[in-house]
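Encoded as structure tokens, the structure appears first; notes follow it.
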């Protein structure tokens, strides 16, 4: 837990401990397993599974460490008080040390800090202490000598010539170099997905070697930190966070907030617009003043109609005419607004983060990283951990107690994601005790299906049954079955494994002894989920880094288990992150928030669980 000191309630570290005790008694504490690591003059907080850096603090910013034993249900607490880099605020971090006692961890950490500080004294300007060990080659030609735009603080009083061993370079020249490097990061953030022969991360590493070389030669170690314009774009920030090596990351953070804060989060005075000028006087053209093109609302109409009555078997039926221009009757928004609900309270520790309370509804602005940029109803924005969010409980009331089910949900999701036009045919099953199925049986053998069954899909002359066969058929049209051999193997494994897992829940839901069997299912559930968590590992998707049809299948099955036992994913952060990542896909988010989506029922009327709609 992180508590900012200096507020009315929390003035010193012991107040942070009291807040933890109060929150614990109210059941408002959520935990996250972390690894503490000392490296290159920084204390790093790493995710225990992905090893992704969640936060870091300079060693010389650590003000105190203390231990609290047996104070509440958290009986072995390590307290670390730090000052944020470049900020006046001081925070206290609280860690529950379960496997290694807090006192032992404090002693080991204190020793490591002393050794690290002794070996690597940070130089002025906030650059990382290990910089000399990875210094790039010295420049072979002089830096450009044109005058740069003045710093945003106003013109510098003088422009003296500073002498390096080989070149005479003015202060303005150094400023211009720093500005062009920041400008280059922004360009790479914009072009990252289009670069082919040399990737954006490769360019970033080249730029950091150049940046390090310039910093070594610059007489004023603080000069780079003073260069505010241009501020980095959110895409540039994301790119750097995703590809920097630890030394590069330390160098970047050491340059201060003018380099690490995006233009969207900058709270200081707005810096002047930056327009680069090159040695021959050339300037890149200004971005076009024309408004960006927008997708036009579809004018095509849907042929036929979709039934909206409660049915036991609802499946997707492609347009039998083969017409691929038919669109759903409900218009889709150009860009969806993704809203999520806060599961646990979170208190901001710096100006880039946002304090939120349990139950608060937030708009997600950027979900490309582990920490999401969100905006509250007051218009305030900032970053919070993605694993304290859950989707809004969506869905619409049925008509006279009846509503569509989400049977074949994975197929429907894939059709929506791929923007495939489809007409949905629904069949209704009667009430107990007979559960009349005549509506389906009357047409079952008249559809010319090789294996008459539900679900079925008709796309022109192609008539397909079996859920996974339908998923693969749609996925092949959009290259979503895996490309490399490794991806295809992972897809095949997941397709069969997740169906085995799904059948376990189905057997339970339809069993007349459902209530007595439920404890046994819940007992083995964590072990099953652990296997999926290990298989997913650090990947974004189950085949690797590319979305495939098995992610739609897996999402549906995990979501059903999450509805069956709401806390079942709490022990598996990467599975929770997968669910959030999937729900944040633009077309998926739009569908889940539309009146065409129904959360329940997920089974037909004969089931003992999941057979009722949510009204």
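Don't overthink the numbers, they just go from 1 along the chain as shown.
Just so it is clear, glycine is given a Cβ too, placed from its N, Cα and C backbone atoms.
Of the given residue ranges 249-269, 270-290, 291-311, 312-332, TrEMBL assigns the label region 'Disordered' to 312-332. Looking up the ranges 113-160, 161-208, 353-400 in TrEMBL, the one annotated as region 'Disordered' turns out to be 113-160.
Summed and averaged per residue, pLDDT over the domain 'SH3' (335-394) gives 77.
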